[in-house]
Amino acid sequence: KMSSGAADLRQRKKQNCTESDKMAPEERNKENSKLGRSPKYMLIQRFAKLFFGCLAAVTSGMMYAVYLSTYHERKFWFSSRQELEREITFQGDSAIYYSFYKELLKAPSFERGVYELTHNNKTVSLKTINAVQQMTLYPELIASVLYQASGSEEVIEPVYFYIGIVFGLQGIYVTALFVTSWVMSGTWLAGMLTVAWFIINRTDTTRIDYSIPSRENWALPYFACQVAALTGYLKKNLNCSAEKFCYLLVNASTYTFMMMWEYSHYLLFVQAVSLFLLDSFALAQTEKVHEVYRIYLFSLIVGYLLQFENSALLVSPLLSLVVALMLSKSLQMNMKKSTFVSRLLKIMYIYLVLTVAVTLNFLLKMFIPHKENEHLLKFIEVKLGLNTTKNFTMNWLLCQESLQAPSQDFFLRLTQSSLLPFYILVLIICLFSVTQVIFRRICGEPLKETVKLEDGRIGERPEIVYHVIHTILLGCLAMCLEGMKYLWTPYVCMLAAFGVCSPELWMTLFKWLRLKAVHPILLALILSMAVPTIIGFSLWKEFFPRIMTELTELQEFYDPDTVELMTWIKRQAPVAAVFAGSPQLMGVIKLCTGWTVSSLPLYNDDDLLKRNENIYQIYSKRSAEDIYKILTSYKANFLVIEDSICNEVGPVRGCRVKDLLDIANGHVVCEEGDNYAYSKYGRFCHEIKMNYSPYVNYFTRVYWNRSYFVYRINTVISFQS
């Protein structure tokens, strides 16, 4: 019975494809005959529209990539720098990612390079790590293969090739957003407006300016391609060839996205929730939605196998939701055909899916050993006010700007570029229209097979409903965490541009207003061209001079103290030396010198988090003996103290590293709004600079400049006074 049911389903899909392919030309021919146009003329017109739209999309992506490259050159004077000075521009986790790319290129063979990364014991002292799994180094593996296979060694330097790929992906990102808006609105004018808003609001749409090799800069372009393909796939009356192309592109981009970013399954979970709500209200073809669920399932299984049996994927909420949806739909499909039962099941469907998903996720976490970012779950508890903590790591994360609520400046910038007002307008119209459609569905009214412009029912288009739900969910996350704005704002640009360029949206609005003085269809067509044109000219007049100023203005990034420190380490420190200091600085030391370090700026491993907290104690009020024991437990030979952290004057007093350490160590007591500090010892980073006992017994200063103080950790303790 199951096999016959599946065969029937496939047969129905084939019939639907065949019917839509046959009906589409007939309907178009009827319309053309009414307008007095020949099919040949319409074919040429459609081809010209497609050609110039694709040309505009590709050109927009290429120009954005060139813009990023030019801006990066102006900001860092990259071409005129030495290799060491270039590498210093990679800060924090970016330095670690690029350092592994360098190691792959230096390896005698690609296989040997991969083996050294998967059995890496030269990066962190006393620890062997699988860097490919732990740090998701698939982008670096791909970049190194492309660099060597393309014969680029004699043409371009490795660093230019690396950042060039990232900038190229950002161009693909913009092109995908262009295409998504174009597919939704039917005009590539919407794509041009999307790109304009994206670039103008670059501070809030991408982190490319601050962290080029970050995982999201590699991954989000693939997600944008997936969203573009999914938008086309969800459309009604799509011919078979276009549907198959969209389906294959959704497959490829979903899998690639999951391999590029360790947190990708969380973003796909948000997307799956959007599709679940879309299907629950019967606003899309159930078969198509369930095909996407199967893509999720396939990507999770293949990702689990290729990511060294990553158990985090097995306990991810995405897997639990997808399995729950498939089980619930199977139950629904196997129910007897009864009006009462079907309506009751529709009411209970959402509750059933959520219950099964939560239960399944709980059971998986019970029986599958995993390290699914437990610190992330604890952070969420503290962030929501469900718990309080004095833990240094938790409080440090809470103090990060990207993990706080968005500031008023964020909304002000979006309003000044006119993006936020138009997004709210489009969202309100779409939401009201979707609500009307849902009410009609509850009353038993079927959806129209084809929605015409004069109908004014934009809420009946499944791809529009999906994007409305998706942006609302991402917006809710962005309102809680500022870092989530980089996921939300690009789709705000896309949805707002689609809305103002869509005649259907204006027609939906005029249907509600019941315009009689002017023909509503004509007015909708005029506004869909006039409004984006006016917006485009105003943006050009106000923001184009600023963008050109950015490209022509020479900025200077020079850090002589860090250059001197790295030069001293390479010349004076023993090759087998282990350095200790702040995780951010350790990443730069690893990249620029290749020396082993005691910690890394990574926050997905409990052991590394504990190391970071312990080594940060050099900025706390603890004794020289305590610090010596901590450092020697990690086999550190040299200690680097940063004056910027030791004498930090932060805008938020309680968020300085030394303040957080004092709270964690119990050296600060808060009573009735007042802070009382007490400790037997002074702050270590201050006291060690005084060069008196007992500090000189454990540490010997070997190098210093305005920003850094380097101490050798004595192997034989001297107790001279």
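Each residue, glycine too, has its Cβ placed from N, Cα and C.
Just so you know, TrEMBL annotations never went through curation; they're auto-generated.
What TrEMBL says about this one:
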COMPBIAS  19-34  compositional bias 'Basic and acidic residues'
REGION    1-34  region 'Disordered'
TRANSMEM  50-71  transmembrane segment
TRANSMEM  182-200  transmembrane segment
TRANSMEM  266-284  transmembrane segment
TRANSMEM  296-327  transmembrane segment
TRANSMEM  348-368  transmembrane segment
TRANSMEM  420-443  transmembrane segment
TRANSMEM  487-509  transmembrane segment
TRANSMEM  521-540  transmembrane segment
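Across 50-71, 266-284, 296-327, 521-540, stretch 266-284 shows the highest tally of CB pairs under 8 A with the transmembrane segment (420-443). The stretch from 182-200, 266-284, 296-327, 521-540 that makes the most Cβ contacts under 8 Å with the transmembrane segment (487-509) is 182-200. Proximity of distant same-chain residues to the transmembrane segment (521-540), defined by a Cβ-Cβ separation under 8 Å and at least 6 residues beyond the stretch ends, is recorded for 185, 187, 189-190, 192-193, 196-197, 200, 417-418, 422, 453-454, 497, 500-507, 510, 515.
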